[in-house]
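**Student:** Submitted below is the structure of interest, expressed as structure tokens.
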Amino acid sequence: MTEDLTDIVADIVASMRSAPDRGRVAHYIPELAKVEARHFGIAIATADGQMVTGGDADMGFSIQSISKVFALTLAVGKVGDQLWDRVGREPSGTAFNSIVQLEHEQGIPRNPFINAGAIVVADVNLGGHQPRVAIGEMLRFLRYLAGDDDIAINEAVAASETASGFRNMALANYMRAFDNVRHPVELVLGAYFHQCAIEMSCRQLALAGRYLMLDGRHPDGGRVVSPRRARRINALMLTCGHYDASGDFAFRVGMPGKSGVGGGILAIVPGRASIAVWSPGLNASGNSQLGTLALEELSSRTGWSIFSPPVAG
Ligand code: GLU
């Protein structure tokens, strides 16, 4: 990269500010519909310890499905490869909350990043405890990863999702019928809805994602996951992180990424950067409209892509 990252980020923020099509804020969770589409934030934590931010980088937003990356990390830590007996590792090619595929595939969700898969992961993480224990563990994990004790749950979002989460209830009940959800459905969904309602800023999220750019290591030297596991999580983010638009995201951006309906995206450039973008308006596939554009611009300006050879600078 020859250009200065700070300049690139300033340009991206300027072009996103004036973008005419900002997408549409998610409405199916009423509390999320209250967020204004004008916001845009970006934060980049680099492997050499820099932090470059722009726009609303310090404003908290609902991380929603991005939480599935951290939940997966905890679940494989608990049960290891046994997780893959209960969840697949293939792109779904269907919407995030699709139910049809589950019938064909006997209650085994395609991957841990569609809702059905994340509900199984939440079931694993519950491990016989009450939801508040699992949620406490998730919050402690995120606070450690980001080095920030202010990360918390937005209870209004959790309540809103609980009140309107009929599809997720259907998915969980359906998988319970196949014995692929083992705790009572209301407990599993209690944990799942609260994990989705965690609020973080782009800065906190980029910091939390650093272990995935550092082959499983926390910058403090601690090992979060093995290198092999970090690579596998990145592989799943690349192939399944944007639902049925994962191929398009890989094509346009070329980075493992996980989106959420709150408008956030966490993207990883192994060995180089952990990037968080946020803009609440979504495109037709349910991924942040401007967040995707911003990452596309960042990738083309920096040359950062897992498909390009390492570049100096
Ligand atoms: N909590 C959301 C749901 O279960 C997550 C979906 C997403 O962020 O894509 O519907």
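Even glycines carry a Cβ here, placed using N, Cα and C.
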**Student:** S65, N115, N168, Y192, Y243, V261 bind substrate according to TrEMBL; which of E161, E199 goes with them?
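**Tutor:** That substrate site, as TrEMBL gives it, pairs S65, N115, N168, Y192, Y243, V261 with E161.
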**Student:** Quick one, of the binding-site residues Y192, Y243, which Cβ has the fewest other Cβ within 10 Å?
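**Tutor:** Ranked by other Cβ atoms within 10 Å, the binding-site residues Y192, Y243 bottom out at Y243.
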**Student:** Reduce the DSSP letter at V261 (substrate binding site) to three states and note it down.
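**Tutor:** In the DSSP reduction, V261 (substrate binding site) maps to coil.
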**Student:** So the record assigns S65, N115, E161, N168, Y192, Y243, V261 to substrate. If I measure every Cα pair among those residues, what is the longest distance in angstrom, as a whole number?
**Tutor:** 20
